[in-house]
């Protein structure tokens, strides 16, 4: 942007000038736009070929996508930039409560040990079986996505949530001994038919799966609500609940509703043998 004398202004100077003019009722968009000029970015190192970018976008928007409706989601090798799969999946997300306070703790080394311990054991619990299709870490959250065409497989993911909940109890007892702050987590589990596509830049080596549907989104949202606002640590979607066996259904709370989550159920379940071992002092020889 230039001033009335034709001099190029910095961003701060331009904003100050606009504010001063707006104070004099200089508010119409046309008048403001007249005072803008395009800056020459030719000397900037970063380059983006926007003409080629337009062609790439149009190629993607006009390309055919071969969508296969499958019971069981195949492994990554079969997913390409030109196909997609539609299948039943169940996602589990484990999110640390009050992580902002935790990460601003002055003792960075203790926080790093805590986070490494947390992620290590969540991954150990989730990274099991042939049904896992994606596992990862998003900030302070660990997640896993499973192909679950059978009810028994959905129950297995629910069991993982209970193991995670019990493991946090073990972790906190160990943290107390090391004089490191304890943590609370929210655990979200959700099931749905999901469309999975491969996204990224073909040929760049930068790509990942994108999950389109309710399972992953809801599980992530639910993990953010667990152990918060009177919710218990484990929150599951209504569809996940409907696919639990009768024993697991009987362990859940009554049906709840939230504008962000829709209908859901929560619980604070633990694995009894694991919990007994914790309560007995976590002795290695027992």
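Backbone N, Cα and C atoms are what each Cβ position is placed from, and that goes for glycine too.
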95, 96 bind Mn(2+) 2 according to Swiss-Prot; which of 49, 140, 159, 179 goes with them?
140
Per-residue pLDDT averaged over the domain 'Guanylate cyclase' (90-223) comes to what?
90
Please report the three-state DSSP label of residue 140 (Mn(2+) 1 binding site).
coil
Which same-chain residues, if any, lie at least 6 apart from residue 140 (Mn(2+) 1 binding site) yet have Cβ under 8 Å of it:
95, 96, 99, 102, 103, 115
Can you count the other CB atoms that lie within 10 A of the CB of residue 95 (Mn(2+) 1 binding site)?
26
Within the domain 'Guanylate cyclase' (90-223), how many residues are helix, strand or coil going by DSSP?
61 helix, 45 strand, 28 coil
Inside 10 Å of the Cβ of residue 93 (ribonucleoside 5'-triphosphate binding site), count up the other Cβ atoms and send me the figure.
29
